[in-house]
């Protein structure tokens, strides 16, 4: 895959990180995704930003328009508010910072401006106990590159070629302190404001409909646990064997996907030994549930009836065949008895 094909793919990967499988139930998050391309062709922007609250898109910004555009009904009336203007100014500042960082990284790699991309994800999460966690990560040409550590005010290099930029940025302590102030103070405050605006929309909770289905293919028995029609999309699904968690490596999971009606769906599957299906339980946690929900595979009544009918027919066929065989044997025995009393006449 060439450099031009990577940006869209990596951006999709970033979007998947927004999915709440990585965010605990009953927490809230504010995330910004930035992407830029060194060449303005093939539909790739120099800088584009998308903002998400609890995984719901609420704002978009690009280098050409240089303004924040609302992407959710619950923020439409805030275009002229002081906080929205501050948000717009922040995005303009990030626009400039992003481009400067982009050129710095390319220079440190001795790269020309042809066919390179930069991606950033930054934001914060607020847990149910009001504790917070901030994050600020860079990706270059589709690979993890640098991550800011607010506790130590330094940068962690995800690859060796990022070391030069890491050392250069760590000299700038003013920027590091500004980054930490945003992650630990400004971001949680902005998130609280947005949650207030979205009250009644963002705080709605629709519990999932959970069912377990049974599949047999190529001599492999699989149980699939489906969670349907839930909101918000942060959900935790796991398999239990004899009430103990199964290693996640043994299970196949599906990303949380929109259902098309404002709700979400997901599933997790597990291959099990035939005949041991009842030992496995699917456990689901979701903000709409007061406690974890469990579900097991229940053989359907129709399957039971079909099995019973087939078994009954098989028994009847066997009895019928035994009866026919019995009659044939009796006839043979009768024929042998008649032949025993018959004597051939002598020739005269």
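Using the three backbone atoms N, Cα and C, a Cβ is placed for every residue, glycine included.
Summarising the annotation, Swiss-Prot assigns signal peptide to 1-22 and lists similarity to another entry as the type of evidence. The region 'Alpha-1' annotation in Swiss-Prot covers 23-114. Under the heading topological domain 'Extracellular', Swiss-Prot lists 23-306, citing similarity to another entry as support. For 124-187, 225-282, the entry in Swiss-Prot reads disulfide bond. Among the features that Swiss-Prot reports, region 'Alpha-3' is placed at 206-297. Marked as domain 'Ig-like C1-type' by Swiss-Prot: 207-296. The feature region 'Connecting peptide' is assigned by Swiss-Prot to 298-306. Sequence annotations record features per position, and here Swiss-Prot assigns transmembrane segment to 307-330. If you look up Swiss-Prot, you'll see 331-348 marked as topological domain 'Cytoplasmic', on the strength of similarity to another entry.
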- Item | Integer Cα-Cα distance in angstrom, residue 187 (disulfide bond) to residue 225 (disulfide bond) | 36
- Cα-to-Cα gap, residue 124 (disulfide bond) vs residue 282 (disulfide bond), nearest whole Å: 30
- Using all protein chains shown, find which of the disulfide-bonded residues 124, 187, 225 scores highest when you count other CB atoms within 10 A of its CB. 225
- Within 10 A of the CB of residue 282 (disulfide bond), the number of other CB atoms across every chain shown is 26
- Message: For the topological domain 'Cytoplasmic' (331-348), report the average pLDDT of the model, please.
- Response: 51
- Message: For residue 282 (disulfide bond), which of the three DSSP-derived states applies: helix, strand, or coil?
- Response: strand
